[in-house]
Amino acid sequence: MPSYTVTVATGSQWFAGTDDYVYLSLEGTAGCSERHLLDKPFYNDFERGAVDSYDVTVEEDLGEIQLIKIEKRKYWYQDDWYLKHVTVKTPLGDYLEFPCYRWITDEKEVVLRDGRAKLPRDDKTQILKQHRRKELENRQKMYRWKEWHPGFPLSIDAHCHSELPRDIQFDNEKGIDFILNYSKAMENLYINRFMHMFQSSWSDFADFEKIFVRISNTISEYVMQHWKEDFMFGYQFLNGCNPVLIRRCTEIPKKLPVTMDMVECSLERNLTLEEEVKQGNIFIVDYELLDGVDANKTDPCTIQYLAAPICLLYKNLENKIVPIAIQLGQKPGPENPIFLPSDATYDWLLAKIWVRSSDFHIHQTVTHLLRTHLVSEVFSIAMFRQLPAVHPLFKLLVPHMRFTIAINTKAREQLICECGLFDKANATGGGGHVQMVQKAMKDLTYSSLCFPEDIKAKGMDSKEDIPYYYYRDDGIKVWEAIK
């Protein structure tokens, strides 16, 4: 009688093991086995992190094994089980691995295919075709689309984290790790001691230094020494937190009426402003998206403000990018002056601070929330709905999608919701961040998500012209590796 050796690997995360009864059936091209109870006498099967082996004897050869069926039945109480994979050694000595990597939470039968990547055209038998179709039908019932807010990318149909399918929820370790990392960040930033500094106006530049009490390294010390200087301000547009907005200026916009007289003292090549533009030495960062966005009014005791600046930058003879003109609003006029490096020291510094403040809001809401989190979730849900586990693209994508939907659901539950953290901490809270996402969605294109195309469209692709743009250089390497 043919005998198969079945090896079952249980996950190592907390509470992954089970005391429930586990049954297995084998289905091959020549027939199906009976249901076998996987149980060894006087042995605690399926403990956390365990790898358990069992001999399964059948009456006749089953042919090529195509599917295995796992069934979990309650012992005392409902006991979830995280099954990593099952390996089957055939009577001929061949090994087949059947990946699962998900929680088995109820008493339904789970059907697994072997782990070899297969496209639909590779399925030759009706059994495999039917399995592929059923898997997607079940996934499409679990992973449903919903519009969380008008104008936002579609997201998962779940009001809170606990409503998500178990397999994409944070596990216990991830949840605790999330809390510990948050607490550690707060401790490092010394936030608790200086929380009052974020709820009222700061009175002195020395207040900034207090934030760095717990973060002491060569970088933080260098930044503290040079953050007021123009070269550091310009460098941030290339390699700071949000190095995605700067673009080469091909024409000075009419809404920024900068003249040669204004910037002549900043230009180093004895060229006119128009000639500098033609030679590709002028760059621009425009925060037009913030124009008309409502500032946070959730705290009646605190008046908050937003600016929508336009910043003109210049590549000097040292190939450093430095600011040469800043207008804090989109409409030119006497109430909206253009600030210059030749202005009074603190006028110019405050203008740069306003630009950096606007940069923060764009980074948090558009670069980070929309173009990283929310867009990734669209691809994640589509992957679960349209690609079965045997599809090669599913295998490539699924490790990168882990926890994507979970972290976004928590964000909608705690961060960007009404009375969430955005409302308490950001000048764009109270609905401004929602307006920003809606406006940014209108300009979101597929090509802007393709790194080389986006860099080229902004005129930032030349290493010779812009040698210190490490965000571009490293990003291209990552892109090419993935490609």
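Including glycine, each Cβ sits where the backbone N, Cα and C put it.
Automatic, uncurated: that is what TrEMBL annotation is.
The following features are taken from TrEMBL:
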BINDING   GLY17, ASP79, ASP80  Ca(2+) 1 binding site
BINDING   HIS368, HIS373  Fe cation binding site
DOMAIN    118-483  domain 'Lipoxygenase'
SITE      TRP103  site 'Essential for stabilizing binding to COTL1'
- prompt: HIS368 (Fe cation binding site): which of the recorded positions GLY17, ASP79, ASP80, TRP103 is the nearest Cα neighbour?
  reply: TRP103
- request: Take the domain 'Lipoxygenase' (118-483) and average the pLDDT across it for me.
  value: 91
- prompt: In this structure, which of the binding-site residues HIS368, HIS373 has the fewest other Cβ atoms within 10 Å of its Cβ?
  reply: HIS368
- prompt: Do any residues at least six apart in sequence from ASP79 (Ca(2+) 1 binding site), in the same chain, have a Cβ closer than 8 Å to its Cβ, and if so which, in order?
  reply: THR18, ASP19, ASP20
Task: Rounded to the nearest Å, what's the C-alpha distance separating TRP103 (site 'Essential for stabilizing binding to COTL1') and HIS373 (Fe cation binding site)? Just drop the number here, would you?
output: 25
- request: Report, in whole Å, the straight Cα-to-Cα distance of ASP80 (Ca(2+) 1 binding site) from HIS373 (Fe cation binding site).
  value: 29
Field: Any further residue of that chain within 8 Å (Cβ to the Cβ centroid of GLY17, ASP79, ASP80) of the recorded Ca(2+) 1 site
entry: PHE15, ALA16, THR18, ASP19, ASP20, PHE46, TRP81, TYR82
